[in-house]
Amino acid sequence: MLESEHGPITHEEHAHTRCWVCVLSCLLLACVYVGSLYVWRSSLPRYTTHQQRCDSAVRLTIKLLLYVCVFLCVCRDHPSVIKRRCASVLLVSTLSPAVVKGWIHWADVRVDASVWELMGVRLESLVPAAILPLLLTMVCYLGPLVQSAMDNPKGFTGELQSALDVQSWRLCVGDVVWLRNQVVAPLTEELVFRGAMMPMLVPCTGPTAAIFMAPLFFGVAHFHHIIEQRRLHKDSMSVILLVSGHVVGPVLCHSFCNSQGLPDISSALKHPQQSALVFSYLMGVLLFLVLLFPLTDPFFYGDIPVCSLALPPASVCQMK
């Protein structure tokens, strides 16, 4: 009788422990990702002064502030710093499947899919998983895209020619800043903060709660941008990963959002063609809502491996 009474308690305690370890593992993964950006020693020239005596607290404070400003404002976009940071986050991303594998083994989670499949790296339904989420994101950005075409002297034709210009793409590939923003950052961040964390979060919180929890760890990783850039980007790529079971969709959408930035609504309201732009912004939001469920229908993506980790009922994973 005592065993039957204590059995559920023990099972519940194990479930709580497993979820706490899950949260701590995700937080540790986020901290390691960010920490890898700052492990390199800075090669910036030291701040110097012509005065021989500068040991006062005021002068030391000024030197420290100047050094921090130079490091955060200049060093971040220095080519050598970008290359080092890209190498660091690529290494962390390569090791992230081992973290997922270790957690699954420790938590005794039994699943038929491989770790890579759980992280959204698979070939099944790859083409629709790459095209449909990106199309949906571009529809949401209809307003900014129309505004960019209006500001282009050549109009929509100029925008299309620029997008298809081979020479322009060659220049982009040779630019380390572009590679960081459009390739390395989306790829590594989606692998770590979506691909690696969702398989650990879904068994504990369920798919719906995991959608809202994953961006919190993503926010932790981007908290340092408050100092460097004074802004935080909101993220909802977890939905795409859960619906499509692919990480390629979030990567492409993340890259597209990085290229567009935040919509400049204030500029649109002051534009000479304000009415047309406001209509485009509203139509983009409306079309996004209309196409959201049709383009995220599981029919296009097949079985979702990460959803096999969810305990019933799993509403997000059963959008049929």
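Glycine is no exception: its Cβ is also placed from the backbone N, Cα and C atoms.
What TrEMBL records for 177-258 is domain 'CAAX prenyl protease 2/Lysostaphin resistance protein A-like'. Annotation source TrEMBL lists transmembrane segment at 20-40, 56-75, 87-106, 126-146, 200-224, 236-256, 276-295.
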## Note on the structure
Of the listed stretches 20-40, 87-106, 126-146, the one with the highest count of C-beta pairs below 8 angstroms to the transmembrane segment (236-256) is 126-146
### Query
So what's near the transmembrane segment (87-106) in sequence-distant terms, Cβ-Cβ under 8 Å and 6+ beyond its ends?
21-22, 25, 29, 32-33, 36-37, 39-40, 115-116, 118-119, 184-185, 187-189, 191-192, 195-196, 199-200
### Query
Averaged over the domain 'CAAX prenyl protease 2/Lysostaphin resistance protein A-like' (177-258), what pLDDT does the prediction give?
79
